[in-house]
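Pulled from TrEMBL:
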BINDING   B:54, B:55, B:56, B:57, B:71, B:72, B:73, B:78, B:79  FAD binding site
BINDING   B:215, B:220, B:223, B:242  [2Fe-2S] cluster binding site
DOMAIN    B:4-103  domain 'FAD-binding FR-type'
């Protein structure tokens, strides 16, 4: 039985990774999960200098999901290189580093700093709804997506994955733009912009007013977008958005994702990732699937 | 610190002790064996639409019985669900989480405000020094009788129905209380006041903070507070309340 998948020439032992921002750099979850059992660990977004993020409250629960407005708090690329890469390299798993910036130059700076580092792929976050500059502003305009992809592709030694925003009218437009810019793969979806109001205090619940919606509530939207993009571009897709168990993961794979990422589910169940790896294997045994690649995009 | 466990615990009892305030004992011997005063546990709802666990402070630890006591307020649908649980029901919990109080000092002031009162009970049990316990309520009191076993209890109520009219600092001043260490848990404005009072008096203070959380184990960075120093983990003056706290020395954090 083969559970390995290949993206941009890199082989992953299985199609399960973590969604950026929900797993740190793996340290906190390494007490619950053997990181070597995951296809890859995708780290929290890293910027050129440390970012403090947004004021609290930063998280709020919604029906079947949650809103977050962390604002990409991170210790900066220097600390990341010194502390987090050596930590992750102790495990037999691939490392996908999520890259954030406020300007094209900042994204380029981080990519250049990481190009000589021992990491496997770079995921470019051009779709965070919680930062004013960079983030979502890049991710909604196909011209910007193509331009930044092109700039980063020139500088990166590792394959680059563009992480797309669902907060657009037609996600296939930005997907095609990333492909035109030279992207090696796509991640989708990032969170959907949402809001919660505290009716007792008559105020916004999050200090940032709006936040990114994630969790099971967004899953059908994410599956639909993965399906649309898989049929519009040739690039491999890492699918994510509300995946909580193996059944959810298989939906994304059948819609066209070569890999899947587990996000909010980690907060609810710290061992969600490895349970999904086991659940996919159990499914393959049950239906006598010899190779997981047979399932990728099998629903047409 | 030992790793927090996610387990199914058995409810031993769940009683209403005041308006919207409930006292629940759960049996989970492994958690009870490592828990410290000031730590908390995450409690999960059985309704799948309510995803995130609710952080609830540990009120009492009974290592012999392998049980933990949680005194909580109904604040929304999740805690309302917990209030419906009955003896022999099961509930999924993760814990113990956070760092807890450091036991120190010769003469202590234990200060609890509102739903910040419960964690002071186990602390009062475990602290062997001289203790003055100050409890602040809006109106209706709870747990105050139980504290009397462990030290002298002073009460403040906002409406003046019991004890000193006003807040915990009013009760401290009215009763002329002094100490060489303060332990406190309660709403942020109260902790802010205590931080100022401790600085003015030159007393060390341990404050237990709260914030909306998601993961409870330090990964999501939802529940941060401003810290004085650039800390090792974040590199940006943001300590994680769930993992680095919830208990901090007053001078470590900005409120």
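FYI, residue positions are counted from 1 along the chain as it appears here.
Glycine too: its Cβ is placed from the backbone N, Cα and C atoms.
Positions of TrEMBL features highlighted on the structure.
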residue : record                        : CB count, 10 Å
B:54    : FAD binding site              : 22
B:56    : FAD binding site              : 23
B:71    : FAD binding site              : 24
B:73    : FAD binding site              : 17
B:79    : FAD binding site              : 17
B:215   : [2Fe-2S] cluster binding site : 29
B:220   : [2Fe-2S] cluster binding site : 29
B:223   : [2Fe-2S] cluster binding site : 27
B:242   : [2Fe-2S] cluster binding site : 29
Could you check what DSSP calls residue B:220 ([2Fe-2S] cluster binding site) once collapsed to helix, strand or coil?
coil
Of all the binding-site residues given, namely B:215, B:220, B:223, B:242, which is spatially nearest to residue B:71 (FAD binding site) at the Cα level?
B:242
Would you kindly determine which binding-site residues in the set B:54, B:56, B:79, B:242 have their Cβ under 8 angstroms from any Cβ of chain A, listing them in sequence order or replying 'none'?
none
In the domain 'FAD-binding FR-type' (B:4-103), how many residues does DSSP assign to helix, to strand and to coil?
13 helix, 47 strand, 40 coil
Here's one to test understanding: among the binding-site residues B:215, B:220, B:223, B:242, whose C-alpha is closest in space to the C-alpha of residue B:56 (FAD binding site)?
B:242
Between residue B:54 (FAD binding site) and residue B:220 ([2Fe-2S] cluster binding site), how many Å separate their Cα atoms?
15
Quick check for the class: what is the C-alpha distance, in angstrom and rounded, between residue B:223 ([2Fe-2S] cluster binding site) and residue B:73 (FAD binding site)?
20
Residue B:73 (FAD binding site) to residue B:215 ([2Fe-2S] cluster binding site): how many Å between their Cα atoms?
21
Within 8 Å of the Cβ centre of B:54, B:55, B:56, B:57, B:71, B:72, B:73, B:78, B:79, which other residues of the chain have their Cβ, at the recorded FAD site?
B:43, B:70, B:75, B:82, B:115
Report, in whole Å, the straight Cα-to-Cα distance of residue B:79 (FAD binding site) from residue B:220 ([2Fe-2S] cluster binding site).
22
Quick one: pull the CA-CA distance for residue B:242 ([2Fe-2S] cluster binding site) versus residue B:79 (FAD binding site), whole Å only.
19
Over all pairs in B:54, B:55, B:56, B:57, B:71, B:72, B:73, B:78, B:79, the listed FAD binding residues, work out the largest Cα-Cα distance in Å.
15
What's the CA to CA span in angstrom from residue B:215 ([2Fe-2S] cluster binding site) over to residue B:79 (FAD binding site)?
18
